[in-house]
Each structure stands twice: as C-alpha cells, then as structure tokens.
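Here's the structure we're looking at; comments come further down.
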Amino acid sequence: MTVGVCYFPEHWSRERWETDISQMAEAGIEYVRMGEFAWRRIEPERGTFDFAWLDEAVELIGKFGMKAVLCTPTATPPKWLVDEHPDVRQREQDGTPREWGSRRFTCFNSPTYRSETERIVSVLTDRYADNPHVAGWQTDNEFGCHETVTCYCEDCGEAFSEWLADRYESVADLNDAWGTTFWSQQYDDFESIDPPKPTPAANHPSRVLAYERFSNDSVAEYNRLHAALIREANDEWFVTHNFMGGFSLDAFRLAADLDFLSWDSYPTGFVQDRQPDTPTVDELRAGNPDQVSMNHDLQRGAKGKPFWVMEQQPGDINWPPQSPQPADGAMRLWAHHAVAHGADAVVYFRWRRCRQGQEQYHAGLRRQDGSPDRGYREASTAADELFDLDSVDASVALVHDYESLWATRSQPLSPDWDYWNHLRTYYDALRARGVQVDIVSPEATLERYDAVVAPTLYLVGDELSTALTDYVDSGGCLLLGARTGEKDPYNRLHESLAPGPLTALTGAQVARHETLPDHVETRLSYDGATYEFRTWASWLAPEVGVPRGEYRTGEAAGNTAIVRNAAGDGSVTYCGCWPGDDLADALVTELLDAAGVEYTERFPDGVRVMERDGYTWALNFTSDPVTLTVPDSTGFLLGESTVDAFDTAVLDGSIRGVGLASE
C-alpha cells in the first residue's frame with residue numbers, strides 16, 4: 001500500500017522543485033504523477049522538444065527515493081497543432097466544433113489525431129524507456145470527462161459506417177435487427193447511416209444504442225494505441241488510466257488493455273452533482289461512503305485486481321456547485337476507505353494549489369505559497385498508518401451493464417428513473433450489512449460468487465440468459481431487479497413478454513408496468529411486512545414462481561410485485577419494482593441467508609464496516625462519534641471502540657460480531 005501525489009513542475013520555478021520533492025519524501029509519498037497536460041511544454045513547436053525540465057524532475061524524484069508515474073499528454077494538444085489541423089476537434093451533435101482552450105476536445109476517431117498521438121507518445125516513451133525512476137504510465141487523462149465520449153464529426157460518421165459493416169452481414173440484416181420499418185427508417189447501405197443528429201422527435205433507440213457502443217469502442221481503441229506504444233518501449237512498465245466516478249464510459253471495455261484500473265475520487269463534489277438527493281451537511285463535508293465505494297468496487301471488479309485512486313481530493317475543490325471545506329480528518333478517512341475496498345495506492349491531487357488557469361480554486365496538499373495545508377498533514381498520517389494487504393475477497397457480485405445504462409437513458413419513461421441510483425439502492429443495502437461486493441460486467445464468470453445481484457439487466461439475449469440460468473442451476477443465489485429482460489441486445493422489445501428469455505428462470509412474466517411520481521402513494525407487502533417502493537412497478541404474472549410480494553396501492557393493488565423461483569440447485573428472486581431502502585435490505589438479507597454469506601447488523605447511513613485480508617475497517621463519515629461492539633478476541637490496530645467524527649478504526653479480525661453499541 002502506498003501514497004502518492006500529482007505534481008506539475010511546469011507550473012513552478014525550477015528553484016522550487018527540489019524543496020517540493022524533498023518535502024514529498026518527508027511526507028511518506030512514494031509515487032509522483034506528472035505530465036498529463038504538458039504537451040506544449042514538451043514540444044513548443046512541431047519537432048522541437050524540450051525534455052530538460054522533465055528529465056530534471058524525474059531525476060529529483062529518483063534522488064529522494066520515489067518513483068515517477070508519467071502520463072501521455074494527449075488530453076491537451078498545443079495550439080499550433082490545432083491551428084495546423086482544425087479537423088482534430090470533436091463536434092457537438094448539432095455540428096458545433098469543440099474549441100481549443102480547455103481540454104478533452106479532440107476526436108478519438110480522427111486519423112490525424114491518432115497519428116499525432118502515436119508520434120508524441122512514441123517520442124516520450126522512447127525518451128524514458130531505460131530510466132529506472134519511471135515506474136509506469138497513465139494513458140491520457142479522464143477519458144469521457146465533460147461528456148466527450150461521443151463526437152459527431154465526419155471522421156466519426158465514416159468510422160461508424162465501417163463499424164456497422166463489420167458487425168452486420170448486410171444492411172438488410174441491420175434493418176431487421178433494429179426494426180427500421182418504424183417511421184420509414186430503413187437504410188439502403190451502411191454509408192447512409194449517420195451518427196444520430198438532432199431531430200424533431202427522439203432518434204431510433206437501436207441507432208442511439210449502436211452509436212453509444214461505437215463511441216465506447218472508439219475510446220477503447222484509442223486507449224489501446226497508447227498502451228501498445230508504452231509497452232513497446234518498456235514491457236516492465238505498468239499501464240493504467242484514471243477513470244472518473246459515475247461516468248457512462250465503459251470501464252470494462254478499456255480494462256483489457258490496462259494492468260490495473262485507476263480512478264479520480266472527489267467525494268464532496270460527487271455528492272453534489274451525481275446523486276439526486278440534496279446532500280446532508282455531513283455529506284458536504286465527507287461525501288457519501290457508498291457513492292464513493294461503489295466506484296472503488298467497480299474499478300476493482302472490472303479487472304479483478306487491486307486498483308489505484310490516481311486523484312484523491314486534498315481539500316476544497318473548484319468544480320461542484322458549492323466548495324465546502326472537507327471535515328477535519330476527511331482526507332485521511334478517504335485513504336483508509338479506498339484501501340479497505342481494495343486500493344493499493346492513493347495519489348492526492350495535487351501537491352500545491354495552482355496560481356493560474358481554470359483550477360486556481362482547487363486545493364493541494366500545500367497552499368500556493370508552499371506552506372502545508374490540512375491535506376498535507378492528513379496524507380502524511382495516512383502514509384504512516386497504511387500497510388500492504390492481499391486483495392479483497394468478495395463472495396457477492398453486483399452485475400453492472402453499461403449498455404443497459406445507455407439504453408434506459410434514452411427511454412427512461414420517467415424523469416425519476418436513474419440507472420445509477422437504482423443500482424445504488426441494492427449496492428447500499430449490501431454495504432450497510434458490511435458485505436464486500438465485486439461490481440462486474442454481464443460477461444463475468446459468476447460461478448465463484450455465492451450470491452449475485454443484477455439490478456437492471458435491461459438488454460438480455462440468449463447468451464446472458466444461459467449464463468444466469470447455469471449459475472442458478474449450479475447452486476447460485478440470484479436477485480434480479482426492475483426492468484430486467486425488457487429488451488433484446490438490439491434494443492427491441494422481446495417477442496415474448498418481459499423478462500424475455502429469463503421467463504423460465506424467474507417463473508414469471510411482466511403483465512403490465514407503470515411509472516409513478518414521488519407524490520403518489522406506493523406500498524407493497526413482502527413476507528408479511530409493508531414496504532415502500534418508488535418510480536417503477538412491473539406487475540408480475542407468476543407461472544411457476546412463488547409470489548412473495550404484492551402491491552397494496554393504486555391500480556397495481558393485488559398484483560404480484562416479487563416472485564421467487566427454485567431452479568436446479570439454486571434460486572432466483574425477481575423484484576419488479578424499485579425498492580425503498582427497507583425493502584432492499586429485506587431482499588438482500590434473504591439472498592445472503594440463502595447463499596450462506598456472512599453479514600453484520602444494518603449500519604446507519606454514514607457508518608460502514610468492511611473486511612480486507614482478515615482486517616476490518618470501521619469508518620465514520622458522520623459528525624457524531626459511534627461506539628462499536630466487537631468480540632473479546634478482536635483487538636484494534638488503529639483507534640478504539642469509540643470512532644470519532646470522520647475517523648476510522650482498524651480491527652485485527654473479521655467483521656463477524658462487529659456492531660454498534662445501543663444508545
């Protein structure tokens with residue numbers, strides 16, 4: 001386990017560098033990330049390179065016993081390149097070019113930009129191929145940030161046509177698969193299929209989904225170019241990429257070309273702009289632990305190995321609606337939280353607050369005058385406390401499908417439908433019970449998991465249906481959620497009623513569905529108790545499945561909401577609605593009991609426990625102290641039974657028997 005920092009020597013005078021880097025070493029920092037936005041400094045004009053400054057910075061890092069993580073600088077090409085080749089810019093859906101002047105405005109499919117990428121990455125990696133102080137590379141920076149996965153330029157139009165031609169035997173097959181007879185949308189050839197541009201009504205959902213798939217494949221192909229060039233120069237370097245939380249960019253697609261995944265964690269920002277509820281005061285100070293850890297578990301699950309937090313919030317940040325100061329202790333708390341969920345490194349962004357540009361109001365571990373800020377002290381403390389660990393061993397998987405995210409986003413049927421928040425309902429319920437969760441793709445091998453939760457497998461074909469059926473037949477316990485199996489992989493309704501090919505497994509079909517706004521009363525009964533649900537309700541018609549839940553309000557009253565079916569040596573529960581928190585807890589605890597998975601009492605919001613490598617972390621994201629109950633045989637490596645506000649304790653033992661003392 002290690003701590004790192006992001007550094008921008010190009011922002012500071014050379015006279016300061018040695019002081020900065022020596023102070024990093026004093027703080028216990030082991031890795032320094034550099035160079036992601038430095039293309040113009042490296043190549044001030046075409047073919048003229050200035051490596052002296054970067055050479056010196058890398059040597060200083062090595063001098064003080066640390067390692068450099070370098071980045072390919074392709075997120076910010078220099079002005080001279082864009083002036084030479086304005087065609088490298090992305091275009092909005094209406095054709096407006098995304099202009100030079102910030103970052104992430106270039107097209108992944110531009111042949112010119114791919115050529116320029118190959119040129120600068122080759123020069124950089126060749127330069128440092130034999131440098132012992134360079135440990136590895138980050139490809140580019142935050143693919144997809146600022147809604148830039150999709151581009152609608154001519155290069156993308158041509159590439160989209162070619163992409164479709166590679167995937168369909170003929171345009172007639174495409175017309176049949178998409179159902180283009182609707183509104184007379186048949187195509188005569190692949191070349192006539194444009195990216196979906198603005199239209200008076202919605203674009204065809206199959207076309208929209210295909211363009212999402214194509215766009216994500218384009219990012220993956222562009223990332224593959226970087227990774228191949230890096231490994232060609234030195235196959236001992238690691239290659240990673242820093243994803244962002246809650247993005248629709250398919251991390252699973254990129255994972256194959258990376259040694260491990262990384263992501264950028266900004267808890268007080270995400271809680272403001274990536275969840276619908278108004279943040280509590282505690283969340284404004286420390287974020288929501290489940291929102292953050294779901295991203296930890298996604299980065300870990302996508303590759304099946306430990307991940308890095310490549311940018312950890314160091315203090316106040318500039319980009320969310322509000323810029324609250326994190327609570328005292330939050331920066332240390334976040335480091336422990338990441339490690340407990342499988343991180344092998346936490347890299348703080350940035351070393352010093354920048355004096356210029358768009359991120360002047362983004363804190364660093366040190367202030368712009370070089371004096372230490374709170375983040376510096378907390379990062380130093382975390383560096384002293386954290387230790388090496390084996391990987392997280394999760395017995396529960398949560399299946400996350402980016403393609404279902406894209407498809408339901410284009411046809412939500414309610415302004416309140418949100419794929420991520422529906423996923424969070426089940427994820428949060430598992431985390432409140434202390435359960436470690438691998439977030440995996442629909443293509444993942446499920447047999448190693450005792451229990452699997454699949455909240456929204458909206459697009460289901462025969463292959464996925466077979467995999468889920470085989471999992472249950474072999475003794476697995478499966479929980480399916482609302483909107484499961486509504487569509488086929490081409491985004492068409494199945495010829496049979498939902499859940500389509502999963503009907504035999506679930507033992508039920510969807511007779512009707514409805515969406516309801518928040519002010520409508522929505523209640524159901526489940527196992528003799530009454531619960532709330534929200535937004536979505538599928539009225540289930542059991543065939544061989546056993547009814548377990550029944551709607552009690554509105555037009556749905558008397559219809560089945562939840563069924564359970566035994567299949568082979570396992571079982572499946574199918575919940576047709578979006579459950580409230582209490583119902584989600586009841587569903588997951590029944591699942592865990594059936595699967596024999598150990599879990600804790602239900603912890604309150606903001607207080608979480610999790611186990612890694614035989615140690616248990618208790619993390620308090622609230623402003624009130626909490627007192628733990630632990631077995632007599634369990635000791636504390638860090639902290640004690642009373643965990644103060646925004647503090648952590650580390651127990652030398654499993655989660656078994658860990659709870660909260662009653663008030």
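Cβ atoms are placed via backbone N, Cα and C, with glycine included.
Residues or ranges marked as active site, proton donor in Swiss-Prot (evidence: similarity to another entry): Glu142. Annotation source Swiss-Prot lists active site, nucleophile at Glu311. Sequence annotations record features per position, and here Swiss-Prot assigns substrate binding site to Arg103, Asn141, Trp319, Glu359, Gln360, Tyr361, His362 based on similarity to another entry. Under the heading Zn(2+) binding site, Swiss-Prot lists Cys107, Cys151, Cys153, Cys156, citing similarity to another entry as support.
Features per Swiss-Prot, on structure.
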residue: Arg103; record: substrate binding site; Cβ contacts under 8 Å, 6 or more apart: Phe37, Ala75, Thr76, Asn141, Cys145, His146
residue: Cys107; record: Zn(2+) binding site; Cβ contacts under 8 Å, 6 or more apart: Val88, Arg89, Gln90, Arg91, Tyr113, Cys151, Cys153, Asp155, Cys156
residue: Glu142; record: active site, proton donor; Cβ contacts under 8 Å, 6 or more apart: Ala75, Arg104, Asn242, Phe243, Met244, Asp264
residue: Glu311; record: active site, nucleophile; Cβ contacts under 8 Å, 6 or more apart: Cys6, Asn242, Asp264, Ser265, Tyr266, Val347, Tyr348, Phe349
residue: Trp319; record: substrate binding site; Cβ contacts under 8 Å, 6 or more apart: Gly269, His362
residue: Glu359; record: substrate binding site; Cβ contacts under 8 Å, 6 or more apart: Asn318
residue: Gln360; record: substrate binding site; Cβ contacts under 8 Å, 6 or more apart: Asn318, Arg353, Cys354
residue: Tyr361; record: substrate binding site; Cβ contacts under 8 Å, 6 or more apart: Asp316, Ile317, Asn318, Ser323
Among Cys151, Cys153, Cys156 [binding-site residues], residue with fewest other Cβ within 10 Å: Cys153
Three-state secondary structure, Glu311 (active site, nucleophile) (per DSSP): strand
Surrounding CB atoms that lie within 10 Å of the CB of Asn141 (substrate binding site), all protein chains: 24
Reduced DSSP assignment, Cys156 (Zn(2+) binding site): helix
For His362 (substrate binding site), the number of other Cβ atoms found within 10 Å of its own Cβ: 20
